[in-house]
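What follows is a single structure, written as structure tokens, with notes after it.
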Amino acid sequence: MIVRSYRLKTLLRSFIEHHHHLVLVLFGAVLTLILTLIFTWRSAINQDIMVGRPSPRTINADRDLTFESPLLTEAKRREAANDPRNLVYNEDTQIHGQQREQLQATYSVINSVRENPSLNLDQQRGQLTELPSLPLSDTLAITILEADDDTWQRIKDQTNALYDRTLRENNYSIDETTLAEIKVRYLPYNLPSSLKPDQRAVVLYLVEQTLHVNRTLNQEETERRQQTARNAVQSVSKDVVNGQNIVRQGDTVSAEQYETLIKMGLITPELGFDGFMGRFLLALLVALALCTALYIDQHNLLTWPRALLVILILMVIPILSGRIFLNTWLNFPETFALAVIAIPLAALFNNNLALVISALVSIVMMFLGEGALQVGMISFAGALCGIYAIRRADRAMAFIMAGVWIALGVFATAMIWRLIQPQGVTWQQTMFTLIFSMLNGGITAMMSLTLHNVLGRIAGIVTPMQLLELAHPNQPLLRRLMQEAPGTYHHSVVVSNLAEQAAERIGADTLLTRVGAYYHDIGKMLRPFFFTDNQYDRSNVHDNLDPQTSAKLIADHVIEGAKIARQHKLPEQIVNFIVEHHGTDVIRYFYQQALQAQDSVDINDYRYPGPKPQSKETAILMLADGVEATVRSKEQAGMLVAERHDDDDQQAPKGCQSIAQVVNQSIDMRLASGQLDQCPLTQKDLNTIRQSFVKTLQGIYHPRVEYPKLMREPQNK
């Protein structure tokens, strides 16, 4: 069952390893979706407040805030652009003279029609109504034709006078607006009273048709000046004081009040397409940044789905918290404890990943609301202090000290921020900043310690504190091993010392290696006397068994050990030490016995179930286990030469081997059989491990001075 489970896990692991790009894309897509939902979420609070409608409640400001008001800024810019001084006109100084000449030409045409005796009245009227330059209506034509010469002359004189007076009173500058006002407000009230109404109508018509616009707007230059005036207006800031009334119940909500409510975070506006796309692109950018960091610097995590789940949780929690409790963080920026997620990230993974995620969360916080810049900066400073303070997360005091450094970092950054503000800082603000910073550090220390252990279990990462607990001799399994298989227990302690020293020298996890070594042989507890470690003066039970049965009983301690470990809820990393410490190696002693007894032997019946070591730590244990057993066996048989120097060429007595020779032979044998093919040990690591083993074993099996017998008993004084 364990072998089948392992094969299934191996297939899944192989699929993930060969499709890690797909895993990364899926992770990025899920993160983008979650962040988009968080960014576009609208709080139900105050959503019934609308511009132009009575406010259902009175709302006051809950903090001091100075913000740039787009509404007031736009109003100021519009006012500057509409300044009449920005209008630029082009004037034609000749057009009035040309119009006057055209009017005189019209007089001449009318005179010729009036004085033509060959035309009757209808023909004269017809010609006047069809004048190309100034066509007259039938009524006006009849009035002109019926007037005697003196009356017609007065009409012309009054027309000229009214035309000239109108130009003078408007400084000979007439634009379209002025012309319209002249026709409506000036001419009708300045007609000569000496003329009859129908004659005054002729004067009014002739003047209206003769007046012409000579002043036109220079659209291009005017727009340039208006834009310059708009650009010269700086952003208008609005100050809101804590407790200040923004809108009263029953008052009609203005656009300016609505804007203030949005900037204060007291209301969430509806998102248009632009708003949604902006938030979606922010979420996408954050996800891309994190995925890039994972791909470049944390490539091994792409094949670790449970670790990616923990990273996703730690990324989303502070952003969701910032979105929901934004006003709280804006009022008290020192209390946003970003380090709560930064410390577990640094302890479970590494500092680089913790820094990247902390930076991304801080940037997101700056986008969440008006005035959130200080929240992002102060929280990032605290996270930075926490990341570099939590060097070894193997005891509670480490988290407490990290909390102290976080409090100092948050306090210093918050004070710097307040000091550079124009309003300065009061001693009351200093005291509150100190209190909130200490609160941040304390909460972070407690919560990060809890999250470290909880998320470690979710990610399948055994934490240093769990390992220290498992390493305690009072652990139930270790006590059982000590009582039921004391020889195996002693062997495990020696192997743990051997493996730990080697792990430290190659940079592997020493604590994990030591604890894994303690538990690697717990499967021997079920049949302790089947193993020479625990036989002492007993006869060897394998003398009465066939080689295949003996080999199966020996190999079963791996399977039984894994069962016992899982029954006692040991972390999977510890189980890996149990199932991998023999790999798929051959049980050589019984295999050789079988070959001597019969010609046809299936070597697979004499193999351990495996798998082969997958990590540096389990590989070190395999080598240490084999080396310790071989050296102890040689020593008990009197075939071990213990020297103080690593000199393989030193001549040893016939049939004996030095510690260095035994170490090299044991490691080379497992290397040649392919047991180290699936672990990341390098040749340099193996050379370092050889040296470490030899040095440690020489300390255990060093030559001892033989004390001489006393020639006489000492006399008591």
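Each Cβ is built from the backbone N, Cα and C atoms, and glycine gets one as well.
In TrEMBL, annotation is done automatically, which means it is predicted and not curated.
Taken from TrEMBL, the feature domain 'HD/PDEase' applies to 484-639.
Tertiary neighbourhood of the transmembrane segment (21-41): same-chain residues 271, 276, 279-280, 282-284, 286-288, 290-291, 294-295, 302-303, 305, 308, 312, 315-316, 319-320, 323, 364, selected by CB-CB distance under 8 Å and a gap of 6+ residues from either end. Taken from TrEMBL, the feature transmembrane segment covers 21-41 (among others).
Long-range contacts of the transmembrane segment (276-296) within its own chain (CB-CB distance under 8 A, at least 6 residues past either end) are made by residues 24, 27-29, 31-33, 35-36, 39-40, 302, 311, 315, 352-353, 356-357, 360, 363-364, 367. Residues annotated as transmembrane segment in TrEMBL: 276-296 (among others).
Same-chain neighbours of the transmembrane segment (308-330): 23, 27, 30-31, 34-35, 38-39, 41, 62-63, 264-266, 290, 294, 301-302, 336, 338, 340-341, 344-345, 348-349, 353, 357, 360-361, 364-365, 368-369, 371-372, 375, 451, 455, 458-459, counting only residues six or more beyond its ends whose CB sits under 8 Å from a CB of the stretch. Under the heading transmembrane segment, TrEMBL lists 308-330 (among others).
If you look up TrEMBL, you'll see 336-364 (among others) marked as transmembrane segment. If one looks beyond the transmembrane segment (336-364) by at least 6 residues along the same chain, the residues whose Cβ comes under 8 Å of a Cβ in the stretch are 35, 282, 286, 289-290, 293-294, 297-298, 301, 307, 310-311, 314-315, 317-319, 321-322, 329, 375-380, 382-388, 390, 393, 399, 402, 406, 440, 443-444, 447-448, 451-452, 455-456, 459, 461, 463-464.
Long-range neighbours of the transmembrane segment (371-390) within the same chain, counting only residues 6 or more positions beyond its ends whose Cβ lies under 8 Å from a Cβ of the stretch, are 65-67, 322, 326, 329-330, 333-334, 336-339, 342-343, 345-347, 351, 354-355, 358-359, 361-365, 398-399, 401-406, 408-410, 412-414, 417, 440-441, 444, 448. According to TrEMBL, the transmembrane segment annotation covers 371-390 (among others).
Look at TrEMBL and you will find 396-420 (among others) tagged as transmembrane segment.
Marked as transmembrane segment by TrEMBL: 432-455 (among others).
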Tertiary contacts of the transmembrane segment (432-455) (same chain, 6+ residues out, Cβ under 8 Å): 310, 313-314, 332, 334-337, 339-341, 343-344, 347-348, 382, 386, 390, 393, 396, 399-400, 402-408, 410-411, 414-415, 418, 463, 465-466
Integer average pLDDT (0 to 100) for the domain 'HD/PDEase' (484-639): 87
